[in-house]
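What follows is one structure encoded as structure tokens, with my remarks underneath.
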Amino acid sequence: MSRTLVLLRHGQTAWNLERRAQGHTDIPLDETGREQARAVAVAIAALEPAALWSSDLLRASATADEVARTTGLDVRTDERLREFDVGDRSGMTIAEFEAAFPTQHAAWQATGGLFESAEGVPGAESSDDVAERIVPALREALSSVGTGETVCVVGHGASSKVGLTALLGWDRVMGRTLRGMDNCGWATLVETGPDEGLRLVAYNRVAPDFTTAGAVG
């Protein structure tokens, strides 16, 4: 039997609601985010994960803590699973980003909300930078479970999308066809066979009765 990787985005924060770029800024879940985390924990528990990993940023680790309480699993935190470092854009709304960095904003829009060049906002990571750290972490997480088992990794919208598309072997154009995942949305990837890669079987699944505010961070 194949192993399964579930990529779960964190719950809502105040900055999601305001559509501010969070990056590595450690913003906590708001009340809606905490409710989303409790609801999605039940849905994830139904998938019977054998291991639980998380970004060390608070909005992800607090979401993972709810999954841990429901499943009885311990959380393994890993800073490689963090969101893009957005550098000088941190805390900006999209309008503020456009006003401060018009050239970079235009490039960001053209690439579906990801920086594909190192020549982005000062201090910010590119997609290649993020892939270099997150893909090994996701492979390690998948390797932490046995045949037929599932691992849940709690992370962030943009960085998880970069990791997902890299694991699938998609090019950047194909990756842009995926919209951002909602808060507490999850994607499911399943091994196709020994050394044969992964396939995407579900994307942006959400627990019943929850909609979310933003696709930023």
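Just so it is clear, glycine is given a Cβ too, placed from its N, Cα and C backbone atoms.
Counting only same-chain residues six or more apart in sequence, the Cβ atoms lying under 8 angstroms from the Cβ of Arg9 (substrate binding site) belong to Val154, Gly155, His156, Gly157, Ser160, Met181, Asp182, Asn183, Cys184, Gly185, Trp186. For Arg9, His10, Gly11, Gln12, Thr13, Ala14, Trp15, Asn16, Arg59, the entry in TrEMBL reads substrate binding site.
Taking the Cβ of His10 (active site, tele-phosphohistidine intermediate) as reference, residues of its chain lying under 8 Å away and at least six apart in sequence are, in sequence order, Leu29, Gly33, Ala37, Ser55, Leu57, Arg59, Ala60, Ala62, Thr63, Val154, Gly155, His156, Asn183, Cys184. Taken from TrEMBL, the feature active site, tele-phosphohistidine intermediate applies to His10.
According to TrEMBL, the feature active site, proton donor/acceptor maps to Glu83.
Summarising the annotation, TrEMBL assigns site 'Transition state stabilizer' to His156. Summarising the environment of His156 (site 'Transition state stabilizer'), the number of other Cβ atoms within 10 Å of its Cβ, over all protein chains shown, is 28.
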* Asked: Hey, does DSSP put Arg9 (substrate binding site) in a helix, a strand, or just coil?
  -> strand
* Could you give the Cα-Cα distance between Thr13 (substrate binding site) and Glu83 (active site, proton donor/acceptor), in whole Å? -> 14
* Reduced DSSP assignment, Glu83 (active site, proton donor/acceptor) -> coil
* Using the residues the record lists for substrate (Arg9, His10, Gly11, Gln12, Thr13, Ala14, Trp15, Asn16, Arg59), what whole-number Å value is the largest Cα to Cα distance? -> 15
